[in-house]
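Following: one structure in structure tokens, then a few remarks.
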């Protein structure tokens, strides 16, 4: 047997090595301890890229924060970490101590952790294979000192791969998954895959959000359905899950997002819809446990 180099995640013998099993059990115990301080854990999923899932995650967090909830956002998209930019806290490094890694806190009090905070700059790619990505996610879950939170939102990459599987199998008592889609038929096909994955892993479906549902004209305020309309609601009915609502495209919202300002802080149609959706989510999640 080759000499151990301590790199368990990429070791070909990790599934049979007693040392690895012991370390994973210890890490699982730390994850359970950390997650026990968080009332509600929600995974944000999308079947394909480009549907605005990270934008939805950030604005759900900001809307929950406006309701007085203590909120954290874990950016589990290791290869495409956009949360730091969207929350306006890029170019920031987390502090670490004996207790673990302390999350970055926005000026509004939202706690956040992302691989983006650990890279030298936003141009540096993360060129990792699946096992190392899964190991990084588990380390975030075990080592980040979230403290007591009302909600932890986990922003995942698109698809149904290693990252989603690692999160859903590592976090105990996940309240559910929110699926983000756009109105086109091609996006809706992928929604079904995300929902099937969650159901196979016994993760409840909180509901579907249809993003980019209509464009708000900046001149007349009329909503134009440039990507179609109703695909998310149709998928929800077909699959027997709740349709949470539609978020329109809005130039004001896009400009704010580029500056690291969540659109829920603006006076616009998208902000109104986000607040309605978050109210439905809170009623469903908290009502379920009470």
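Including glycine, each Cβ sits where the backbone N, Cα and C put it.
According to Swiss-Prot, the feature ATP binding site maps to 47, 48, 49, 50, 51, 52, 53, 54, an assignment based on sequence analysis.
Mapped onto this structure are the features recorded in Swiss-Prot.
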residue	record	contacts (Cβ under 8 Å, 6+ apart)
47	ATP binding site	158, 159, 160, 179, 181, 187, 189, 190, 191, 192, 193, 194
48	ATP binding site	158, 159, 186, 187, 190
49	ATP binding site	157, 158
50	ATP binding site	158, 182
51	ATP binding site	158, 180, 181, 182, 187, 211, 212
52	ATP binding site	180, 182, 211, 212, 247
53	ATP binding site	44, 45, 46, 155, 156, 158, 180, 211
54	ATP binding site	75, 77, 82, 83, 86, 155
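Excluding 47, 48, 49, 50, 51, 52, 53, 54 themselves, the residues of that chain whose CB lies within 8 A of the CB mean position for the ATP site are, in sequence, 46, 158, 180, 181, 182, 187, 211.
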